[in-house]
Structure formats: C-alpha cells, structure tokens
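Remarks on the structure that follows.
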Amino acid sequence: MKQILDFIPLIIFFALYKMYDIYVATGALIVATAVQLIVTYALYKKVEKMQLITFVIVTIFGSMTIFFHDDNFIKWKVTIIYVVLAVGLTASHLMGKSVVKGMLGKEITLPDAIWAKINWAWVGFFSFFAGLNIYIAYELPLDVWVNFKVFGMLIATFAYMIATGVYIYKHMPKEEKNNSSDVSVDD
C-alpha cells in the first residue's frame, strides 16, 4: 500500500499534463504530494525523511514553476531530489553508516564491503540520472521530458532495484539463500 501511495502523485501529474498543461499538472503534483504525506501519516503514524524532503522540494520548485510560469523549475526538481539522495548516501557512507544497510541489514546479512558497493552503485545511479534529467530537460521537447520523468526513470529505478536484489542474493551467505528459497506447503 505504501509503495502505491508513492506513485499516485506521479500518475496524477502525468494525467493532468496530458489533459491540460505543465502548470495544471504541477499544481496538482503539489496538492497530491501534500495529500500523500497526510495519508501516509494517518495510516502509518510516521513520515519518512525522504518523503518530507521530496514534499518541500516539490512545493518550492512547483510553486516557482506556477508563479513565474516557467517549466524550468519543475524540471530541476528531479535533479535536485536525485542530487540530495546521492549526497545523502555519500555523506552517510563517509560517516561510517550505510543507508542501504540500515534499510535492509536487519533482514539480510552481508559483509560491509558489499553494502558499501551497493551504496556507491546507488550514488552512481542517482548522479547519472540527475545529469541525464538536465540533459533531456534542456535538449529535448517538454513532452519527451515528461515521458522520460514518468516512464523512463520509473522503469530504470525498478530495473536497478531488481539488479541490486540479484547482486544481494549473489552475495548472501548460503544459509540465508536456503532460507529465502524454502517454501513450506501445508497439505
């Protein structure tokens, strides 16, 4: 349910962009992100830090897009969020902590060197897509950027998550691999 909530603002943005324009879609994105935050808090009694950061960035850059009637601001939002993620992962690693390990380390046992590689791989992913977003935003038409933002980045993120899962599975201790592949069927 929580993952579905994360995609609702994106779906609303895309639908309203196709029906109206970037400014209506941006206004709806701000409202949908605020509603998402409220619903998340109502259901789970907490809001993740990244959701809050995303809301602030969406609100600031979305408002600037509408106020100045300039779609460049909303185009920058994606890059800024990805830069924040890359910097956050880098800073946490330099402080001796791994955000990825913190999220998954309770369920999965891996050597710290593997967690570090996964962390750096995601830093690379976010950095690459931050730059690619700017390139597409300024070198290609707005329709291409919207499709890239909604579909390209979504598909790339899912694919990278799957690749990360495969990499993790490859480096899991044998006991955990056996436990994760055991399926008990009761007659």
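Using the three backbone atoms N, Cα and C, a Cβ is placed for every residue, glycine included.
Sequence annotations record features per position, and here Swiss-Prot assigns transmembrane segment to 22-42 (among others) based on sequence analysis. Here the transmembrane segment (22-42) has long-range neighbours at 2, 5-6, 8-9, 12-14, 16, 51-52, 54-55, 58-59, 62-63, 65-66, 69, 71, 74, 142, 146, meaning same-chain residues at least 6 beyond its ends whose C-beta is under 8 angstroms from one of its own.
Residues or ranges marked as transmembrane segment by Swiss-Prot on the basis of sequence analysis: 50-70 (among others). If you look at the transmembrane segment (50-70), the same-chain residues 6 or more away from its ends with a CB under 8 A from one of its CBs are 9, 22-23, 26-27, 29-30, 33-34, 36-37, 40, 76-77, 80-81, 84-85.
Residues annotated as transmembrane segment in Swiss-Prot: 80-100 (among others).
What Swiss-Prot records for 118-138 (among others) is transmembrane segment, and it gives sequence analysis as the kind of evidence.
Residues annotated as transmembrane segment in Swiss-Prot, with sequence analysis given as evidence: 148-168 (among others).
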For the transmembrane segment (118-138), sequence-distant contacts whose Cβ falls under 8 Å of one of its Cβ atoms, 6 or more beyond its ends:
72, 75-76, 78-79, 82-83, 85-86, 89-90, 92-93, 98-101, 144-145, 148-149, 153, 156, 160, 164, 167-168
